[in-house]
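Below is one structure, written out as structure tokens; the observations come after it.
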Amino acid sequence: MAGRPRPQPHSPSSSTRRRERWLVVLGVALHAVYMLSIFDIYFKSPIVHGMDPVPPRLSAPPAKRLVLLVADGLRADKFFEPDERGRYRAPFLRGVIEEKGRWGVSHARPPTESRPGHVSLIAGFYEDPSAVTKGWKANPVEFDSVFNQSRHTISYGSPDIVPIFCSRVPHSTWDTYPHEYEDFATDASFLDHWSFDQFQGLLNKSFHDVKLRQLLLQDKLVIFLHLLGCDTNGHAHRPYSSIYLNNVKVVDQIAESMYNLMENYFKDNQTAYVFTADHGMSDKGSHGDGHPSNTDTPLVVWGAGIRSPKFLAYTEKPDDGFRFVDDHKHDAPTPQDWALEGFERVDVNQADIAPLMSTLVGLPCPVNSVGTLPTQYLKLSKADEVEAVLANTKQILNQFLQKSQLKQSSSLYFKPFKPLANYSSVLSQIEDLISERDYETAMKHSEELRKMALAGLHYFQTYDWFMLMTTITLGYIGWMVNLILHVLQSYTSFPAILLKKAQLYPKNTSMKVYIGGCFVMGLSSIILLLEKSPVLYHAYVFMTIFLWTRIVHNFEFLKAVWREFSNMPFKYTSNLLISSAIAVLVLEFLVMSFFDRKIYTWCFLVLGILGSTYVAFFIQASPALAIYIWLACWFLSVFTLMPAEIPENNNLVILSGALIILIAVASRWANSNCTSFWLYLTRANKRDSQSPKLYFAQVILVAISSIMVWLSTSHRSQNRELHSLHQLINWSVAGAAMVLPLFSPPSVLSRLTSIFLGFAPPFLLLSIGYEAVFYSAFSMVLIGWIFVESANLYCSEESGSARRRSLVDGSVFGYEERHLQLSDLRIPLLFVILFNVAFFGTGNFASIASFEISSVYRFITVFSPFLMAGLLIFKLFIPFMLVICTFSAITKIVRIPRLGCYFLVILLSDVMTIHFFFLVRNTGSWMEIGNSISHFGIVSAQVVFVLLLFALTNIYTRDIVVSSRQLTARKVM
């Protein structure tokens with residue numbers, strides 16, 4: 001964007017519009033595809049097929065049957081800690097810890113959702129996060145599990161979990177309750193009783209069914225009860241609620257009933273029991289990220305083949321040897337209020353439970369398992385213990401060998417994993433040691449070989465990293481260069497002769513460039529096909545080559561631009577460098593804000609001072625406007641100091657309705673002001689109707705929504721359900737409110753005020769706390785942005801225009817878009833800042849799981865994941881839509897092309913996207929891993945759905961009319 005003293009009118013040609021449509025399509029496709037790249041790079045599915053199961057060579061299986069009880073959504077601290085009266089909520093399982101079995105904390109891996117958690121427990125591997133998006137009803141990929149290897153599996157529980165593991169297992173008996181049972185408005189502990197009752201009924205039926213009894217009496221039987229109550233009650237009522245805490249007692253009672261039922265039925269002491277959870281629950285009733293409240297779950301194991309409790313002195317602090325999968329040490333001490341310091345705690349990674357269960361009933365470990373057998377739980381002879389560990393090692397080694405073979409068969413230049421080059425001799429050595437009964441040395445070598453095999457799996461999991469990361473980075477850079485080229489060619493004021501010279505590209509030369517690009521694509525495709533690379537690899541490489549081919553095609557234009565900048569006065573060059581440096585600095589601060597949201601507090605404290613100073617001294621506008629800018633920015637700065645997990649406060653939501661009405665009244669007063677500056681914003685022409693009826697109708701809808709917040713919440717808290725009449729009113733008010741702004745006057749302030757009032761009712765009805773006040777504070781800052789831009793334009797045009805027309809006497813003039821200038825970079829940069837700030841009123845960048853599900857309870861309480869997710873996403877979109885409406889109005893006020901600014905917004909956002917691409921982690925703590933995925937996903941999604949929001953908001957902003965750029969000479973503000 002070359003700096004020019006006098007902006008010229010700009011009118012994009014039809015060819016420019018056509019090129020832009022293709023550029024937008026390319027941008028959406030590129031970001032959608034590149035967003036998936038982190039799953040190919042960092043979180044590629046670990047599943048390979050073709051390995052043979054490795055059954056443990058035990059003298060006899062420790063148990064004939066296994067009972068797995070999974071309390072969905074049960075967090076460890078609520079299970080182990082005492083209640084307010086000092087009584088423990090799980091007395092039976094606590095008695096098991098003290099008298100019969102072993103205990104520890106099972107550590108889950110993000111995403112801490114039900115499907116990946118159960119895959120980890122039952123199949124022994126950490127499913128790639130992308131599999132969660134491929135559907136809950138069926139397996140996105142086929143994998144082995146403990147259930148597959150069993151002689152028979154019996155399972156009861158949720159329709160979202162049980163069919164995933166049992167629907168394709170012919171040797172299984174299973175059933176689920178209807179989806180309608182999962183009602184967030186009720187106490188869901190009855191779901192747990194349902195699962196137990198079904199199994200009890202099966203046992204009762206077996207007394208009259210000989211075939212069923214024979215099935216139950218056979219060995220290698222696995223019984224799985226999925227207990228969903230804690231998860232549903234945690235979402236609906238929070239893990240601190242009496243309903244959730246009572247559900248902890250319910251699952252303990254079911255564990256006791258299950259134990260008594262099994263022991264009385266079989267009477268052979270050959271049953272092993274495993275009690276655990278798939279994930280925890282955050283304080284605000286959500287899960288998904290890597291916070292300890294979501295990853296730490298209880299583990300209690302007892303029965304056949306399980307060691308008795310090991311007692312420790314309270315002063316003894318042994319290293320339990322536990323390591324996370326990423327090899328960082330677990331050093332969280334056992335809380336004193338658990339009163340379990342005297343009993344040895346054996347922590348495990350969640351995937352370690354699968355080989356534990358397999359070994360207990362003498363089954364091969366699931367062939368895709370990466371779990372390490374926790375021998376501290378098993379009561380085995382030394383010989384059997386070594387054999388169990390060796391079988392676990394061979395199973396992991398088989399995966400390594402299969403991955404190595406697959407990669408070698410498809411790689412043109414294969415680089416083997418050297419530390420395991422002599423694995424066969426190590427296996428032979430272990431076998432010899434076992435034959436010599438040197439079990440201790442054999443155990444040591446087996447464990448070392450297993451660790452090396454896991455390292456080899458990681459090596460092949462990251463084999464393609466360098467190639468992929470280089471390709472994606474070059475792709476992003478190529479996309480950004482293409483955006484810059486398009487903006488320079490279509491929206492800046494370079495002389496026509498420069499463009500003519502730059503387009504001296506002869507057609508045959510142009511053709512040669514594209515032929516060369518096609519040749520490189522073809523060569524790359526052949527190489528990728530020979531290496532049997534996934535389809536997405538082709539997409540990454542093709543997009544990158546295509547983008548750089550376009551850059552080469554514009555090489556002459558780039559040379560001309562460089563010559564133009566070289567010949568410019570030093571003032572313009574230094575302005576360009578300073579502006580670019582400031583933009584990059586601001587974007588880096590935005591990246592930092594993902595890790596410390598208080599940065600936005602300092603940002604708006606500084607913006608308030610700088611903005612008011614600029615208005616008062618440089619624009620020389622009225623002191624009232626300067627004070628307003630200062631107060632609005634400081635008001636908004638408060639919200640990023642508030643807790644990321646929004647506490648419920650319905651009184652605050654109701655009061656925010658009054659604040660919204662107060663702001664609307666102030667805007668109404670501005671609409672009636674007759675001074676030139678206000679007319680610049682409020683009048684399209686003299687016949688601009690003020691529409692008092694529409695204004696009062698919108699205010700009434702805001703008031704009704706505030707009342708409905710109180711009524712709906714009060715009724716639901718008393719009756720634990722949503723009144724159907726309240727539900728109907730809430731849906732009607734929200735729908736009607738969003739339609740009314742379409743009928744408001746087209747002047748800038750009238751239309752934006754109407755949009756502000758139109759989205760207020762649905763936002764209030766979807767709010768639970770301070771985010772309702774954020775809506776008003778955020779809107780005040782957006783209005784302040786319009787005031788500053790308008791005042792700046794008003795003063796500059798008044799002093800620089802030779803021909804002036806009076807607004808009062810003049811008619812409407814259609815405005816012409818002008819070319820972009822370097823100073824216009826402030827508009828997309830402010831847009832990016834405000835667009836990112838919009839998240840912080842309704843959630844938190846730190847976590848995917850930060851968005852409050854109770855926000856939707858005034859519209860629906862019966863579990864409906866798609867509708868609930870849709871309402872949550874809509875709530876998130878409302879602040880974004882306000883920003884984009886304001887942005888569209890400003891581009892009309894200052895007469896710059898909105899699409900040109902849109903491309904600059906995408907350019908600025910992609911600087912952040914590249915940064916977060918390199919910040920994605922798959923090592924370190926699980927919280928760091930989960931956050932890094934969230935950060936990259938959120939920023940990548942921004943640049944994709946901005947276009948969608950532009951299309952949606954265009955319904956409201958396309959007919960906004962601004963006053964003539966020939967303003968009155970009178971300067972009254």
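Cβ from N, Cα, C; glycine included.
No curator has checked TrEMBL annotations; they are predicted automatically.
Residues annotated as domain 'GPI ethanolamine phosphate transferase 1 C-terminal' in TrEMBL: 456-925. Residues or ranges marked as transmembrane segment by TrEMBL: 21-43, 465-488, 509-529, 535-552, 572-593, 599-619, 652-671, 692-712, 748-768, 827-846, 866-887, 899-920 (among others).
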Within this structure, do the transmembrane segment (535-552) and the transmembrane segment (652-671) have 3 or more Cβ pairs under 8 angstroms, counting pairs 6 or more apart in sequence? no
Cβ-based contact of the transmembrane segment (465-488) with the transmembrane segment (509-529), 3 or more pairs under 8 Å: no
Positions whose Cβ lies under 8 angstroms from the transmembrane segment (572-593), at least six residues beyond its ends: 2-3, 565, 599-600, 603, 822, 825, 829, 832-833, 836, 845, 908, 911-912, 915-916
Apart from its near flanks, which chain residues at least 6 from the ends of the transmembrane segment (21-43) lie with a Cβ under 8 angstroms of it? 128-130, 464-465, 468-469, 472, 475-476, 479, 482-483, 486, 534, 536-537, 539-540, 543, 547, 903, 906, 913, 917, 920-922, 933, 936-937, 940-941, 943-944, 947
Long-range Cβ neighbours of the transmembrane segment (509-529) (under 8 Å; 6 or more residues past either end): 412, 537-538, 541-542, 545-546, 548-549, 552-553
Rounded mean pLDDT within the domain 'GPI ethanolamine phosphate transferase 1 C-terminal' (456-925) lands at 80
